[in-house]
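Okay, so here's the structure we're looking at.
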Amino acid sequence: MEDQNELVELDIDNVAHGGVMVARLDGRVVFVADAIPGERVLARIADDSKSSFWRADTVEVLTASPDRRPHVWAAAALERAPELRAGGAEFGHIALERQRSLKSEVLTDALRRFGGITRAVEVEPIGADAAHDSGRVDSGAAGGTRWRTRVRLHVGPGGRVGPYAARSHTVIAVDDLPLATEAIEAEAREVAKTLRGDAQGAAAVEFVETADGELRVSLVPAERSKTGGRGRDGARGAGRNSGRGAAGRDRRGGGGGSSAASGGQARPGDGRGRSGWADDGLADDVPSATRARNDRADSRATGGATAPRASGAPRADAPATIVERVGEREFRLAENGFWQVHRDAARTLSRAVGELTREDLFDPRAANHDLYGGVGLLAAAIGDRFGPATRITSVESDATATDHASENLAEWIGARAVTGRVDRYLAELEKVASSDDRRRLQAATMVIDPPRSGAGKEVVASLIRLDVAQVVYVACDPVAFARDVALFREGGYELDAVRAYDLFPHTHHLETIGVLVKP
Ligand SMILES: C[S@@+](CC[C@H](N)C(=O)[O-])C[C@H]1O[C@@H](n2cnc3c(N)ncnc32)[C@H](O)[C@@H]1O
C-alpha cells in the first residue's frame, strides 16, 4: 500500500466538485489536483489519512490531454513543487472551453445525484470571454484573465505578501496576478514592496477596483484576520486599515478555496476551504490609518499602475462608500461590502435574473422579495424588468448593506430593504401574515441568492409553506443548489429554466440560476 508522499501513476477518470479530478488506486478514490480527465499522471499522495479517499498532487503528466495548456499563472504551474503552487487558479492549466464543460459536468452530476433531475446545463462564458459569441465588446481581457476586481493577499513571515498556496496557509511569493485587474496587480506589487520588512501588523491585504477605476486597499490586522473577512456568505470578520491605493482596503472573492464535495460520496474537502486570493476575504470594522492614493485620473496617468505612497491621515471607523455600476445604474455600497467579483458578473446576473423571471407568474403588486439581497442588485434587476410599480423587499443580514439597498432602490416607491436573517424573517412572516398578506405572498416572486451553503431546509420549507409563485434561485455552489432543488421538488415545485455562467474563469467555481415553479 502507498504512503503519503509516495509517487503513484494514476489514470484520471472524471472531475469532482471542488477543482480536483477523480482517479482510482486499488479501488480507492483519489482526488488529484492539477490533472485533466483522460490523462495519465505521476502524482504524489498528499493525504492518506481518510479511509474513503485520498488526495494527491500531479507532479508530472505522462499522457497529456489535448486540453492541457501552459498554466495561466506560472506561480500555480506543475513546474513548482505542489506545496508552493499558488491557490485560486486550480483550472488554469485547462483550455477555457474544457474548463466550462467540466463545470457543466459537475452541475449536471449534482442535479442528477442531489436534485433527482436529468438535465445537462451548459456553462456560458461571460464578459470578454463571451464577446466573440455576442459580438459585444466587454471590459477586461479575453482568455479568462484580468476579471478579478476583489483580491485578498496574505502577509507571511518577513512581511512577504502573496496568496496562500493551494490547500494550505503557506504564503507564497508571486510575480504576477493574472486573474486580477491590471491596476490591482500593479498596486499589489507596490504594497508587497512597502510591507516587506515592516508588515505594519497586517496579516492580509485586500484590494478592490470599482467599476470607475477607483482602487481601494486595506490592511487587515493580524489579531483580527483569523476571523476571516467576508466570504460569499457575508460572514463578518477582520478589521483593517483602509484607503485608496497603496495599503488599506478590502473585499471578497467569489472563486476560491479548495472546496469539494464530489458528487455525493467521498469528498475532498468542505467546499469552503481557503486558497490564495480566491479565499473570498472581506473584512469589516476598519480602524484608522488610511493611505490616500490613486484615483481614476492617477491610474490613467500611470497606465493603470499606481505608485506607492506613504500612509496618510487616520480616518474614521466607518468604511467608505464606493460606487459600482451596472449599465447606467449606480449602486452605492461600503468599501468592504459584498459585490460580485468578476468585473462583468453583476451585469450578467442582473440580466439573467431579469430574463429568467417568468413574466406570466410575476405580479408587480405581490409581496416580491430579494432574499440575501446585499445592496439591492437583483431587486433592481427585477424593478428594471417590471417597471416603476414593482413592489419588492430586500432582506439582508448586514445593516450597512441594507442602508445602501434602501438608497439604491429609492426610485421604486414599492421597494424597501430590511435587515435580518432570512430564516428568521420568513419564520416571522409566516407567523404574522394576515390573509391579505398571504395572498400577496402566494403571488410573489422570491429571488434568493444565498451564501455558498445554500438556502437550506428552513428557508426552503418556509417558501414552500408560503406557497410563493416562483423562486429565482442564484447559486454559487452547485451541490448546495441541487440539494435545495430537491427540497423544493418535495414541496411541489419543479425546476423550470436553468442557466449557468463562468463567473470565475480558471477556478472551479460557477454560478447557476434556476427558476422553481409549481407545475
Ligand atoms: C451571495 S451574496 C448576494 C448579494 C446580492 N444578491 C448581490 O448579488 O450583490 C449573499 C448576501 O447574503 C447576506 N447573507 C448571508 N447570510 C445571510 C442570512 N442568513 N440572512 C440574510 N442575509 C444573509 C450576505 O451578507 C450577502 O450580502
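Even glycines carry a Cβ here, placed using N, Cα and C.
Keep in mind that this is a model prediction, so the values were computed, not measured.
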Task: Co-listed S-adenosyl-L-methionine-binding residue [TrEMBL; alongside Q340, Y372, E396] among D437, D449, D467 - done: D449
- [ ] Round to a whole number and give the Cα-to-Cα distance in Å for the pair C476 (active site, nucleophile) and Q340 (S-adenosyl-L-methionine binding site).
- [x] 11
TODO: Tally every other Cβ atom lying within 10 Å of the Cβ atom of C476 (active site, nucleophile).
DONE: 24
Open item on the list: Comparing the binding-site residues E396, D449, which residue's C-beta has the most other C-beta atoms within 10 angstroms in this structure?
Closed with: E396
Task: Span of Q340, Y372, E396, D449 around S-adenosyl-L-methionine - largest C-alpha separation, Å - done: 15
